[in-house]
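Asks: Found this in Swiss-Prot, in case it helps:
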COILED    127-160  coiled coil
COMPBIAS  126-137  compositional bias 'Basic and acidic residues'
MOD_RES   Q73  N5-methylglutamine
REGION    57-121  region 'GGQ domain'
REGION    122-148  region 'Disordered'
TRANSIT   1-35  transit peptide
Amino acid sequence: MSTVGLFHFPTPLTRICPAPWGLRLWEKLTLLSPGIAVTPVQMAGKKDYPALLSLDENELEEQFVKGHGPGGQATNKTSNCVVLKHIPSGIVVKCHQTRSVDQNRKLARKILQEKVDVFYNGENSPVHKEKREAAKKKQERKKRAKETLEKKKLLKELWESSKKVH
């Protein structure tokens, strides 16, 4: 038998691209699995709550400061970091999640709206309710994992004891 036959592949070894060339990484992820792919911009506002208190632009104080963090000179020299203050409550939000000032302004307003709603409504706020539900789900998952671990230990003990008998 020759060595050529051992290395014969039925299909060419080429990379198959799942999406057209011009798409960015998060767009490719969205095409592959639309429910899973989340960009950092979408993560900032977390969810869109229609029942939140509305913000009055007259009660807001907005500043643009220089950025920080990874990105080097392009990030550190431009003033695209938004500092938004709600004057009546004194809540301050700093947003520097994107390089765009407009996107940072929108994100800062969403985050401030959530924080102001929690400040005034407390435990009745939809944001606070969601946090409680998430904590409850986490606790349930932890409890199930602990029960599963105990069952596995018991099964292992039974298996080892039956092994010693034979």
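Residue numbering: from 1, along the chain as shown.
Each residue, glycine too, has its Cβ placed from N, Cα and C.
Surface or core, plus neighbours and distances: that's what I need for these features.
Replies: Over the coiled coil (127-160) the predicted model carries a mean pLDDT of 93.
With a 10 A radius on its CB, Q73 (N5-methylglutamine) counts 7 other CB atoms from all the protein chains.
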